[in-house]
Structure formats: structure tokens, C-alpha cells
């Protein structure tokens, strides 16, 4: 963490110990730096390895050698000479005519074979299959029976049929991203029947709205609709929370709902809530259900010092320390007894092996750690981009459930529509460095208050020049001095709700330096990544 004034800026996010004397800029830095001194977008502490060189086929240019033409004498009045020229000219004309006829009609005849076999836009794909003839052409498309645009999707899967081909390699999420999965030909999203091997067709069908109102999407309507409180007992509540990867429900309560269309629970005929509800005209007594799957976001201690300081035990009970081969490397947030949310960049390369990681919860000092939890599986977002740091989120499945206590508690997930407005006071914590150039993390859990920064300002040319995506949120002090630092990657950015509970607004991702003016910290925006987090929790539920 950092607590410095502008005269003594904190260390860069991802710095190493270095001589305090600033080295002179290279020629490239002098030429390419902008007027703000920001030469390029910084990258996380775990600098991605250089990408593998792209193998480009060599282009070989051959030049045909043409013998020089010798200058000939004119024929003059020689009849033999003129006769020879006329004969030669006639032969050339006949050859040219034969070639023209072959091109004009022969190509049509050959292409007729292709036209009989291809369909619609698929003919475009056969321009490179000019060596096949007649029936043989049918065998050159990998024995595919697809027609129309679906053929484009069968490069790696020749067994799919019709529109279902598109679902074989990647299943498209509601937010536009895609996850690898294999689905059946008749797969339907949110019908309560698992058609995909990893249940990708049924893992983005439940969410929580304002006030924790349960919303479900079904094939009957296609929209997320509130679920009525009437008829939803404790067993239904537990079933829904278990579906989302939690152990059981914590509480369910009626809340006002004046919606004209809602969902009512029916007979228990399916394991998934989207298969148990029916569309109805509003709710009886205009009451929808507010559901909580965990008792979350509560602190034992709430004494804090603005500007950066050591935390008190129980102050941030969801903060965990992630150790790789015996050393603290990243932070994380406990969201349930079985899952920890962290940053994807913490697990790049060989560090993605779960056997080398340990999770420490309920500790505020690296010298007094509690018994660690083993990691069963590390799930990195499939759309994570190490160059842009987009989709920088990962989920850790623990080998055994965490035992909650006054110093070990989960943080609350925000609702899908929860906003953290500009200027909101939030907090970030972690075992970060405390002085510039330090190459070791703090032994104590540090905390600092930061303010949410307007996204347009954060993306402006004065700050990060367009590097902020819809999956990122900025927080810090635009005047410098308060920020999260090296070692805090993957840790929480939390904001307090109206109900006095703390919500996970961001995951520490990247930034330029630490606590520098016009360089706030950048965090992964949890509300944008909730569908992915819930889907993976559901797939890996205990």
C-alpha cells in the first residue's frame, strides 16, 4: 500500500529494487513519450512473456529468364519469306482461338461440378479446391453435411449439424463473450435441461437485482424476470443457491415488486430453477423474493485511518494471501466457503499449476499465518488478454471449505445493476510494498481509501488514453499519494452499501506507478464479470 505526498511518490505498481538515481532516458523514450511522460500502457507485475514469433511462409519470387531477341532482316520481295510469315500468323490465330474457346466454355463446364455440390455462400470456399472433379469434390470438405453459413463453423468438428455447429467449439455467453464447451444438437439456453458437457447452456440464467431480488431467465420468455415470493420455501432457496455454487441459502425475504410480468415456482420437477418456474402476470400481493446465499460483507472491526495504514484483525476478513512456492505473490477475495476471486495475470505461464499455491485466510501478518488451504483448481477467464489486461479475473476452487469466523468472512458480490458512482469512497487492501523500489511485500496487511474515478476521465488522453475497457474501473487519488501497489494484484476493491455491507467492486489489476498524479489504480469491474464468475462457480460447485 502507499501513503505518500506528491513530493515523495510511492513505488511503481510493478517495480523492482533499483538504484535511487534515475537513469537517463533512451533515444526511443525521448522520441516516443507524450507530453504527459506516458510512453505506453503499463502491464501487470507478471509481465507476459514475449509472444511466440508468428511463422510466416517465405515468399519465393522466381524470374523467368528470357533470351534476348535478335533483330531480323526484312523480307523485301521474297515470296517464300512472306509465305512463311502468313502461315505462321495463321497458326497463331488458330491457337489463340482454341485457347479462347477453352477458357470461355471449358471453365464453365468444370465449375459446373462445384456449383452442383456447393450451397449459397459456400461456393466461395471452393475457390481453392480447383483440383477436384465431379463427385470427388464432395469428399474435399471433410465429409461435411452442413449447408449455408454453418459450414464455416465445421473446420474443427465435422459431426455437428445445422445451426448447432456454432455451439460445438464455443458457447456464447449473454455478455457476448464465449466459453469452450460442447453442446448437443438440440441445446436450448435456460430451459432447465443441461445440453452442454460443462452446462454452459444453463449457467447464465440466474442473477440478483436491486435489493437482492432473484431474477431468472427462461426459454418461455427470454428475459430476466423477478421470482415471486409466494411458494418459494427454504428448500427452493437452498436449491437455487446450491445451483450457483454455494453450500446453501442464508436468507430469503419478501420485497415489493410491481412488475407486470414475473415468475412463479411450480412443482419440483427439475434440478435447476429455470426449469421450475412459469411466467405469470405479476406476483400475488406484489411481493418478489430477495435471496441471500451467504452472510457476507461484515466486519469485526471498522476503525480505519485514511491515507494508508496497517489493518486491524477482522477489518477485511475476506482478504486472503496467495502463496506460490512459499512466498506471497497475490491477493484474493473470499466469496464463499469454496471459492476465491483473484486476477488472471497472477496465474500466467507455469504459475497456473494449482499444486504450487496455498491460500491463507484470517491473517494480517505474513509472520503469523494461519493454516493454509490447498487449491484444487485455478480457472482463468478464457477471454483474458495479457496485452490489454482485459477480463483480468480468475476463480480458485479450494480443496476443502473454509471455516468462517469473526476474522474469516466472505465479501458480498454486487448485484448485476449495482453502480459505484464517481467520487464514492472505497477501500483496497493487501500485502503491498510501502516504499519506492522495494522488492519485498509488506509483512503486514495494509489498507488505503480510494475514490472511484470517472471512466471517461480515466480513459482520456491525460490519463490512460483509451486503455480502459468496459471490464475495468478506476479508483485512486488524481492528485497522487493514495493507491494500491505491487503485491496487491488480485486483491479486493470494496465499497460499502446502504445496508452497511461491503461489496466487491473491483479486483486489483494494473496501473502506472503507484500513487502517482493522474495515474489512478485500475481494477477489473466485477459487475461486468459476474456472469462468468457465477457460471464457473456453478460448473465447479461442491
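Using the three backbone atoms N, Cα and C, a Cβ is placed for every residue, glycine included.
Keep in mind that what you see is a predicted model, and the values were worked out from it rather than measured.
TrEMBL assigns the feature region 'Disordered' to residues 140-163, out of the candidate ranges 140-163, 164-187, 188-211. Segment annotation: TrEMBL labels transmembrane segment over residues 82-103 (candidates 60-81, 82-103, 104-125). Proximity of residue 190 (disulfide bond) to non-local residues of its own chain (separation of 6 or more, Cβ distance below 8 Å) is seen for 201, 202, 204, 205, 216, 217, 218, 219, 274, given in sequence order. Note on the domain 'Peptidase S1' (305-538): mean pLDDT across this stretch is 91.
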